[in-house]
């Protein structure tokens, strides 16, 4: 585990650094459902107005990626966030979703492939830590194996056919000498 990670259910110890929050509901977190709804409403209002891709909503920084009828958001703390890293993570997630849904990033296809979209989000960021910034790598970890591949069945007959082909080729080669 990383030194800066503290599970939300753990109690703070006396030797803990005061600069690190003891839970996710510190000054950067949203402590109640009411605060969360108010924050989501303000994000929606900023996105609806088309304020841009980077929106500072103190104490948070919200980056937005819009498609035809969807908006993807990534939220980080305003004081310590690096916009470039957040943008890379958001673009990687968007690219992975586009690859997984074969370029059809719209509400209907996202709802049909919601399991893959959620797995892509989990492979991109885990508990606030950016894990991957390559959309193709994320999509390859999430995607299902293709169903159109034919299974090779190896049984006694195929082994006997291979043995007889090898035997015939050896006889022909030895006969040429």
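Quick reminder: no glycine exception, Cβ is built from N, Cα and C everywhere.
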>> Checking feature assignment: region 'Disordered' per TrEMBL, candidates 1-60, 61-120. Which range matches?
In response: 1-60
> For the domain 'AP complex mu/sigma subunit' (33-143), what's the model's average pLDDT?
Replying inline: 89
